[in-house]
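Comments concern the structure below.
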Amino acid sequence: MSGKTKLNGHDNPSYTKDPDDVLENGTTISAPENINKSPEERAQWGNGLEFLMSCIAMSVGLGNIWRFPFIANKNGGGAFLIPYLIILTFVGRPVYYLEMSLGQFSSRGSVKMFEKLSPVFKGIGYGQVLGSTCVASYYCILMAITLFYFLNSFTDDFPWATCQDSWKAYENSRNLTCIDKYSNVTGNNTISSSELYFRREVLKEKDDISDGMGTPDWRLSLLLLFSWAVTFLVSVRGVKSSGKASYFLALFPYVIMITLLVRASTLEGATDGMFYFVETDFSMLLNADVWYAAVTQCFFSLNIGFGSIIMFSSYNRFEHNINRDALVVTTLDTFTSLLSGITIFGILGNLAFEMGVEPKKVISVGGGTGLAFISYPDAISKFTQVSWLFALLFFFMLFVLGVGSLVALHGTLNTTIKEAMPGTPEWMVSGGTAILLFLIGLIYTTPGGQYTLDLVDHFGGTFVIFVCAILEVYTITWFYGVDNFCTDLEFMTKKKVGIYWRISWGLITPVLLTVIFVYFLATLEPLTYGIYKLLYPIGLSIFGWGILGACIVMILGWAMYYFYANRSNSFNKMVVRTFSTKDWGPENPEKAEEWKKYCEDKRAERKMTRHSNWFCRKAQILIKS
């Protein structure tokens, strides 16, 4: 193996390594280990439909219901669909398909997949597991709060519909006036009974956490335990159990969404709310924040970068048609976001009609939990007929959506542990991680829990995932090479990889992600919490940055370890051995042999048509069909 061998970009020599090459120190580079050993038996989906339903349940979640409508309305309404669809086309869909391909080709979860590609990169896999675990730790408390509202919805006399005497001291200390469904008061210093109920009764939220987080609320703690128990039961046998549950988790929410849409369409004022949702402001397209919002919404709605897609697809048959599944899931995710936006804003339009104000007055409370637990309950409480039924349907739908997404996040951690400790019973891994995450989640049931949630989401659910996703894309498309990756994909799917995928992976997606990440860093501001915008206590700030630091240490740590392990070689040979892809290939020995021969034929074919000019060679890789 020559010291001049190129290691980066589309010319990565992973197919050109001779298994019998000998390094200068006498060490032999062995053939891919997986070719000559029997793979450990791995569970598979009962059928392809189970995988598709699981991916739908994973990607269509709480973010579609309570985040997309508010983000779209805030960033130009109907005009927001332009950047969103562009980002979906050149970032969301390509990365989704890329991750599906990696999992199915390697038959391994995120960490082991990167380790098979080249061990030096497995820190990226660990970073993805860290990010998904952070999100899983707080995702379940949102489900617990949903259950809290569900249990209080079995009556038309909702507890959040009227002001309570116990809130008087809180109102007076802030010069606020509580308004409920019986009030006709308006003004700048008013606060709805539904918001006070959420802040004072459900969260028992405190304004300042510098003196501590407080103690866990017993009601939310029990509901948190129940939520994890449900998640454990779905995950207890891995994909064998979650696959069976996926039909209900994926399809049932659409039954409720369509029911709510039909009901919303019959309400007075609903049309105004729906038009307000799609009201177009094209001037917003010139705002960089709008494009950043489109990326983050598309990114996290599809679960890109969390390792969940890689994990789910690793349980597929090697020949499964993932191209079809990737297109179905990404399209359905967008459709669901639009459907939920029209439905939610239609109901909020009715609330605005009942209050005699413009739709923006009832929606200005914000998105996220504010939309789900303040605006929507407030609107439901003003329904004149069977309001309890629509409250039950809405909150049950949120809980089912939450379970579908949490099972994927939970499964990412479970698969990592199972692959690191083969032979460990599935129920033991699933139960142990559920108990651990439940104990961690107790912090979110404290009066300062929501502030901690925001901190963990910012660093673990956003920063870490963004870093890992960018490194993942660059590792596959620039280190391993688009041509090599497309060869793997063509061998697996028996179909040519089109120009759209090649240009997206090789150029557009990496550039867009880099630009957005630089913008994210340039506009990064100190994180604050509460109505007074206080800075986080130093201990919590260190904890937040520590999450990001742990990710970076894992990524750099593994790289430094493998450089150190190969230090006895000359510099060129040290680099070659450190970034070796000798273990990459299908897990099945027969498939691995077929793949090796296929790659040799492709390599010979490429040499015959290889252009001498570097730029033309790169362009040739991207536009070949």
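Residue numbering: from 1, along the chain as shown.
The backbone N, Cα and C atoms fix where each Cβ goes, and this holds for glycine too.
As annotated by TrEMBL, region 'Disordered' applies to 1-39. According to TrEMBL, the compositional bias 'Polar residues' annotation covers 25-37. The Na(+) binding site feature in TrEMBL is assigned to Val60, Asn64, Ser301, Leu401, Ser405. Summarising the annotation, TrEMBL assigns transmembrane segment to 78-98, 129-151, 248-270, 290-314, 326-348, 386-407, 427-447, 459-482, 503-522, 542-564.
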Residues satisfying Cβ distance under 8 Å from Asn64 (Na(+) binding site), sequence separation of at least 6: Ser301, Asp333, Thr336, Ser337, Ser340, Leu401
Selected stretch (most C-beta pairs under 8 A with the transmembrane segment (326-348)) from 78-98, 129-151, 386-407: 78-98
Beyond the flanks of the transmembrane segment (386-407) by 6 or more, those residues with Cβ under 8 Å of it: 54, 56-62, 64-65, 136, 139-140, 142-143, 146-147, 149-150, 153-156, 158, 227, 230-231, 234-235, 242, 245-246, 248-250, 252-253, 256-257, 259-260, 263, 303, 372, 376-377, 380
Paired segments the transmembrane segment (542-564) and the transmembrane segment (427-447) in contact, 3+ CB pairs under 8 A: no
Same-chain residues near the transmembrane segment (503-522), Cβ under 8 Å, at least 6 residues beyond its ends: 10, 87, 90-91, 93-95, 98, 288, 291-292, 295, 466-467, 469-470, 473-474, 476-478, 482, 485, 618, 621-623
Tertiary contacts of the transmembrane segment (290-314) (same chain, 6+ residues out, Cβ under 8 Å): 42, 51, 54-55, 58-59, 61, 63-64, 67-68, 71, 74-76, 80, 83-84, 86-88, 91-92, 95-96, 99-104, 106-111, 113, 125, 128-129, 131-132, 135, 239, 284, 322, 329-330, 333, 337, 405, 408-409, 411-412, 415-416, 461-462, 465-466, 468-469, 472, 512-513, 516, 519-520, 523
Na(+) site, defined by Val60, Asn64, Ser301, Leu401, Ser405: further same-chain residues with Cβ within 8 Å of the Cβ centre: Met58, Ser59, Gly61, Leu62, Gly63, Ile65, Asp333, Thr336, Gly404
Neighbour count (Cβ, 10 Å) for Leu401 (Na(+) binding site): 28
Packing count at Ser405 (Na(+) binding site) (other Cβ atoms within 10 Å of its Cβ): 26
